[in-house]
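Report on the following structure.
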Amino acid sequence: MSSDNKLLPKRIILVRHGESEGNLDTSAYTTTPDHKIQLTESGLLQAQEAGARLRSLLSSNPSSPEWRVCFYVSPYDRTRSTLREIGRSFSRRRVIGVREECRIREQDFGNFQVKERMRATKKVRERFGRFFYRFPEGESAADVFDRVSSFLESLWRDIDMNRLHMNPTHELNFVIVSHGLTSRVFLMKWFKWTVEQFEALNNPGNSEIRVMELGQGGDYSLAIHHTEEELERWGLSPEMIADQKWRVNAHKGEWKEDCKWYFGDFFDHMADSDHESETDATEEDKLNLLTNSEDNNEELCNGQCS
């Protein structure tokens with residue numbers, strides 16, 4: 001790894017909370033505030049298993065025995081409980097610290113949720129679009145995008161100022177324990193996915209882990225740890241998967257030339273070369289000149305005949 005990116009975290013790992021009472025029975029939201037929803041017994045076990053998987057992943061490289069981890073966690077009870085169970089797999093010396101981060105909380109659906117009303121509201125959301133639909137008294141995914149963007153700015157500031165990398169010889173890892181939609185929005189912001197691409201994404205399962213790993217060139221990719229089949233299951237298009245594979249060896253700061261989801265949507269009428277563009281412009285100028293000449297002649301004729 002080059003010297004200009006050796007202080008970057010090796011991995012940024014997104015973990016969704018374990019199964020909650022609300023996942024099991026949505027009527028829980030009618031009497032319990034969303035942030036107070038607890039994990040089920042199965043959710044606690046899922047979180048413990050996630051901790052074991054994380055520990056195995058972070059300690060898998062024998063050439064980097066002195067790895068460390070820093071946790072960020074949503075303030076909701078179910079994410080805090082998930083982190084407690086994950087922590088059972090780690091010793092104190094491995095953990096740099098934990099930050100409770102309000103900006104990575106769950107999408108706000110309003111206050112107490114009436115089951116039938118919420119079911120009808122979610123049907124309206126499907127017609128309106130998941131990203132822009134704002135729940136009454138709550139948030140849209142676009143609102144979540146804004147606060148996740150703010151969180152990412154703080155995350156990069158911590159990295160740039162070397163606040164968390166206490167020892168340059170230690171391999172640093174970030175683990176973000178959050179929620180399904182928040183994790184999808186995080187990836188959308190990081191990889192610059194479009195709204196259309198976001199709409200096609202699937203929610204991670206309870207305690208599912210999604211790993212962004214640092215490639216040889218200093219860019220992060222989901223394709224280092226995860227298979228193409230996994231990425232397809234998450235809802236990534238072939239173009240998005242190709243981009244993840246490209247990032248494995250891409251140098252930090254490079255931009256992939258083949259950005260089909262931008263050029264195809266906005267510039268489908270573009271000429272392939274400057275010469276063709278200039279030729280088209282010349283033909284258009286001739287047409288405009290001819291049209292203007294005809295208009296002037298018509299006006300002149302009308303003036304003479306009046």
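Backbone N, Cα and C define each Cβ position, glycine as well.
Going by TrEMBL, these are the annotated features:
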type	residues	note
ACT_SITE	His17	active site, tele-phosphohistidine intermediate
ACT_SITE	Glu106	active site, proton donor/acceptor
BINDING	Arg16, His17, Gly18, Glu19, Ser20, Glu21, Gly22, Asn23, Arg78	substrate binding site
REGION	274-306	region 'Disordered'
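Annotated features taken from TrEMBL, shown on the structure.
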{"residue": "Arg16", "record": "substrate binding site", "Cβ neighbours (10 Å)": "27"}
{"residue": "His17", "record": "active site, tele-phosphohistidine intermediate", "Cβ neighbours (10 Å)": "30"}
{"residue": "Gly18", "record": "substrate binding site", "Cβ neighbours (10 Å)": "29"}
{"residue": "Ser20", "record": "substrate binding site", "Cβ neighbours (10 Å)": "24"}
{"residue": "Gly22", "record": "substrate binding site", "Cβ neighbours (10 Å)": "18"}
{"residue": "Arg78", "record": "substrate binding site", "Cβ neighbours (10 Å)": "28"}
{"residue": "Glu106", "record": "active site, proton donor/acceptor", "Cβ neighbours (10 Å)": "22"}
Argmin Cα dist to Glu106 (active site, proton donor/acceptor) over the binding-site residues Arg16, Ser20, Gly22 returns Arg16
One should report the C-alpha separation between His17 (active site, tele-phosphohistidine intermediate) and Arg78 (substrate binding site), rounded to whole angstrom, as 6
Near substrate: residues not in Arg16, His17, Gly18, Glu19, Ser20, Glu21, Gly22, Asn23, Arg78 with Cβ within 8 Å of the site Cβ centroid are Leu24, Ile37, Leu39, Thr40, Gly43, Thr82, Asn206
Among Arg16, His17, Gly18, Glu19, Ser20, Glu21, Gly22, Asn23, Arg78, which the record lists as binding substrate, the farthest-apart pair of C-alpha atoms sits at a distance in angstrom of 15
